[in-house]
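Notes to accompany the following structure.
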Amino acid sequence: MSRWSVSQGCGNSHKALRMSGNREQLLSGWGAPGMLRPSMRSEAERQRSFRAWPRSCPQLSPVELARSGFYYLGPGDRVQCFSCGGVLRSWEPGDRPDTEHRKFFPSCPFLQQQQRGPGATDSVDGQVLGQLSGEEPDRTWEPVYPEMSEEQVRLGSFSTWPLDVPGSPEVLAGAGFFYTGHRDHVKCFHCDGGLQNWEQGDDPWTEHAKWFPMCDFLLQVKGEAFIRSVQESLFSSPEPSPESLGSYDYDRSLASSTESVSVPRAPTPGERSEPPKVSGPPLSTEEQLQRLKEERMCKVCMDKDVSMLFVPCGHLVVCTECAPNLRHCPICRAAIRGSVRAFMS
C-alpha cells in the first residue's frame, strides 16, 4: 500500500482542492459542489468542528475560520467552505481566512451573499443564506448505515475477509468499520468513510482519526484528545518519498474530459501560488450546463454521475459502481487510501 503523510506543514504554500473531476489545482471560480455537510451552514456548528484542529498550526482563530464559511475537514489543517465546497490547506502565519477564501474562490455564493448583504437570496440554490446562520445546528449526525450500528453485526460482515490481508476483523469492527466485500475495502457505519490498502501495523482507530476526524462515532468513543493527537502527528511526519506517493503522471486522455479550468504550473518550494487567470469569452448558459454535466460524469463508465471522493488525492471522478475496482486514481495515478461518498447538490 502506498502511504501518504501530510507533508505540507504550516509553512508551505497554500493549495486549494477542487471536489470535481479535475486534478488537484487552484481555482478562480466556483465549481461543481462536492461533499458538503448541510449542518455546516450554521456558523456555531462550524466552530464546533474545529475541536480537533492541530495546535501546531499557526494561530488561526476557529471563530474567524467559521465566520469565513470554513469548517474543519482534516487531515492536517484542511478546511472546507460549506457553500462552494472549496478546500484550503497549508496555512501560513499571518494568513487571513477571508482573504484566502476570496483569493482562491471569488465566485463562492457565500462570499457573494456577504457582499450583497443580509437577506439576499443565493442564486445557486434559491435559499436565503443570511438566515442559515441562525439555523438550529444538527448536534449529532445519524449513522449512514444504521443496520451496522451493532459491533457484532459489523464483525459478521468480515466472514469473507481475505486471510492474506493485514488487519484484525475484531479490531476493525470495534473501530466502526464493516467489510464491503471488495478486496480489503472497509467503511465506517457512521460517517461512511472508506479505507483500503491496509498494511501490517496499521491501527484502525488511528487511520479513522487521520482521514475522517469529524466522525461523530469516533469522537464519542475516542474523544477529542485522541483525534487531536493523531492530527498533530501528521505535521511531524517525515517528507514522503516519490515512491510512497505513487506516480503522478497524468492520464491525458482522462484529463482532457475535465478541462474546465487550466492547470497551473506547480509552484516551487517557498513560492506563493497565485490563482489562475481565466481568459476567453464567457460561456453561454447551455455551454455551462454541458460542461457541468461532463464534470459530473463518471470518467470510467462515462454513464453514471460521479459519487465517490478518493482519499488522499481528493479527486471526485467515478461512480459508486466503478470505485471498488480501482486501486489508483485515474486522474493523478496516486494510490487510493480510502474513499467517501459525495452528495451532489
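Heads up, the Cβ atoms here are built off N, Cα and C, so glycines get one too.
Swiss-Prot annotations:
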type    : residues               : note
REPEAT  : 46-112                 : repeat 'BIR 1'
REPEAT  : 154-219                : repeat 'BIR 2'
BINDING : C188, C191, H208, C215 : Zn(2+) binding site
MOD_RES : S237                   : phosphoserine
MOD_RES : S241                   : phosphoserine
MOD_RES : S253                   : phosphoserine
MOD_RES : S257                   : phosphoserine
REGION  : 258-286                : region 'Disordered'
ZN_FING : 298-333                : zinc finger
**OP:** Tell me the Cβ neighbour count for C215 (Zn(2+) binding site), meaning other Cβ atoms within 10 Å of its Cβ, over all protein chains shown.
**Re:** 23
Subject >> Local backbone state of C191 (Zn(2+) binding site), from DSSP in three classes >> reply: coil
Original post:
For the repeat 'BIR 1' (46-112), DSSP counts of helix, strand and coil?
Top reply: 25 helix, 9 strand, 33 coil
Original post:
Counting all other Cβ atoms within 10 Å across every protein chain shown, which of the binding-site residues C191, H208 scores highest?
Top reply: H208
